[in-house]
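Novice: Please see the structure below; I have some questions.
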């Protein structure tokens, strides 16, 4: 990620085609040593591509990754209709408890790092 960030920083700073030397200079400025193999891989993958298009594609891919922020929020207790009763509220609490347990097992966001 540090190589991609450095590449983007150089590209957004006006360097349309950052070299390994440019990226190493950025990384050295914050005390990070560069791995030449990874650095060359990032440069070869991003060389000649429009950075804005790459960012847009990345945002599209991230949109499909579950973030856990879409949890349903129940209405305030006083605003519920009187006919609703307490049975649906109890069912919601049970669902929320089950959901919390399953979220712990999904810490890898749907994909494993070492698969």
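Each residue, glycine too, has its Cβ placed from N, Cα and C.
I grabbed these lines from Swiss-Prot:
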- 1: N-acetylmethionine (MOD_RES)
- 17: phosphoserine (MOD_RES)
- 19: phosphoserine (MOD_RES)
- 21: N6-succinyllysine (MOD_RES)
- 21: N6-acetyllysine (MOD_RES)
- 76-90: compositional bias 'Low complexity' (COMPBIAS)
- 76-115: region 'Disordered' (REGION)
- 79: phosphoserine (MOD_RES)
- 86: phosphoserine (MOD_RES)
- 91-101: compositional bias 'Basic and acidic residues' (COMPBIAS)
- 102: phosphoserine (MOD_RES)
- 105: phosphoserine (MOD_RES)
Novice: Which of the three DSSP states, helix, strand or coil, fits residue 17 (phosphoserine)?
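Specialist: Looking at the DSSP assignment, residue 17 (phosphoserine) belongs to neither helix nor strand, so coil.
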Novice: What kind of secondary structure is residue 1 (N-acetylmethionine) part of, going by DSSP in three states?
Specialist: coil
Novice: Pop the Cα-Cα gap between residue 21 (N6-succinyllysine) and residue 1 (N-acetylmethionine) into the table, whole Å please.
Specialist: 17
Novice: Neighbour count, 10 Å Cβ-Cβ cut-off, for residue 19 (phosphoserine): what number do you get?
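Specialist: Its Cβ shell of radius 10 Å holds 13 other Cβ atoms.
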Novice: Are there any residues at least 6 positions away along the chain from residue 17 (phosphoserine) with a Cβ closer than 8 Å to its Cβ? List them or say none.
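Specialist: In sequence order, the residues whose Cβ lies under 8 Å from that of residue 17 (phosphoserine) (at least 6 apart) are 47, 48.
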